[in-house]
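Just below is one structure, and these are the notes that go with it.
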Amino acid sequence: MNILSPSILSADFWRLGEQVKEVEKAGAQYLHIDVMDGMFVPSISFGLPVLKCIRRETSLFLDVHLMVERPERHVGAFAESGADLINFHIEASADVEKTIQAIRRMGKKAGITIKPGTPPEAAAPFLGMVDMVLVMTVEPGAGGQELIPQCLDKVRRIREMAKEKRLCVDIQVDGGIRVENVHQALEAGANVIVAGSAVFQGDIGANIRDFKRRMEQQAQR
Ligand code: DX5
Ligand code: ZN
């Protein structure tokens, strides 16, 4: 199934609650929560208190993307604060397998993430252990960037590797995805689509409906 996961990084934080409700009402299934520590990426976004508040008010599936150094230090707290899935960067972790296990032990779905410069083969050893692989389609750290087309070849490769191993894993793309190019990501084999600026700039409800329509069209081809 194709899933849309709007990233609140591009939301208006003054009206965050209202905007999350709009996302829910328009029929997005996930909500993407970008956590940045100012170390793994230069910027700092938000963390546990924001996640907790959102969890209290929504039943959307909360998809947490940790852009932090040594994510193993934090996965427990994010699980307790309401994440449904925790994605972390393999480039940032001292022990990827242990971190996946820690997330699993908390009863949460686990995902690994790779940056544009990380080859798809780096994700291969973990494919059978995770629910999702997030292939960044921009350099992590900011919303509103242009998609790097070569990253879609990595999506294709990971989908192939999963098929070879007969694994049913979600592949998420994140960065520079808009209604006009979402079909390329789906064609490459992604099934969970993150969109920040393309959802939160303008009319949120209309943007989500446009995405969903385009994604359904692609699924029927
Ligand atoms: C970037 C974040 C993304 C970001 C995407 O580091 O991981 O989730 O919000 O924003 P857009 O869709 O605007 O590229
Ligand atoms: Zn993200």
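Backbone N, Cα and C atoms are what each Cβ position is placed from, and that goes for glycine too.
Among the features that TrEMBL reports, substrate binding site is placed at SER7, HIS65, GLY141, ALA142, GLY143, GLY144, ASP174, GLY175, GLY176, GLY196, SER197. Long-range Cβ proximity for SER7 (substrate binding site), meaning a same-chain Cβ under 8 A and a gap of 6 or more residues, is found for HIS32, ILE33, ASP34, HIS65, GLY143, ASP174, VAL194, ALA195, GLY196, VAL199, PHE200.
With a 10 A radius on its CB, HIS65 (divalent metal cation binding site) counts 28 other CB atoms from all the protein chains. Positions annotated as divalent metal cation binding site by TrEMBL: HIS32, ASP34, HIS65, ASP174.
Of all Cβ atoms in the shown protein chains, 24 besides its own fall within 10 Å of the Cβ of ASP34 (divalent metal cation binding site). When secondary structure is read from DSSP and collapsed to three states, ASP34 (divalent metal cation binding site) falls in the strand class. What TrEMBL records for ASP34 is active site, proton acceptor.
Taken from TrEMBL, the feature active site, proton donor covers ASP174. Cβ neighbour count for ASP174 (substrate binding site) (all protein chains, 10 Å cutoff from its Cβ): 29.
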Which of GLY141, GLY176, the listed binding-site residues, has fewest other Cβ atoms within 10 Å: GLY141
Packing count at SER197 (substrate binding site) (other Cβ atoms within 10 Å of its Cβ): 18
Neighbour tally for HIS32 (divalent metal cation binding site), based on other Cβ positions within 10 Å of its Cβ: 28
Where the C-beta lies under 6 angstroms from ligand 2, the matching binding-site residues among HIS65, GLY141, GLY143, SER197: HIS65
For SER197 (substrate binding site), the three-state class that DSSP assigns: helix
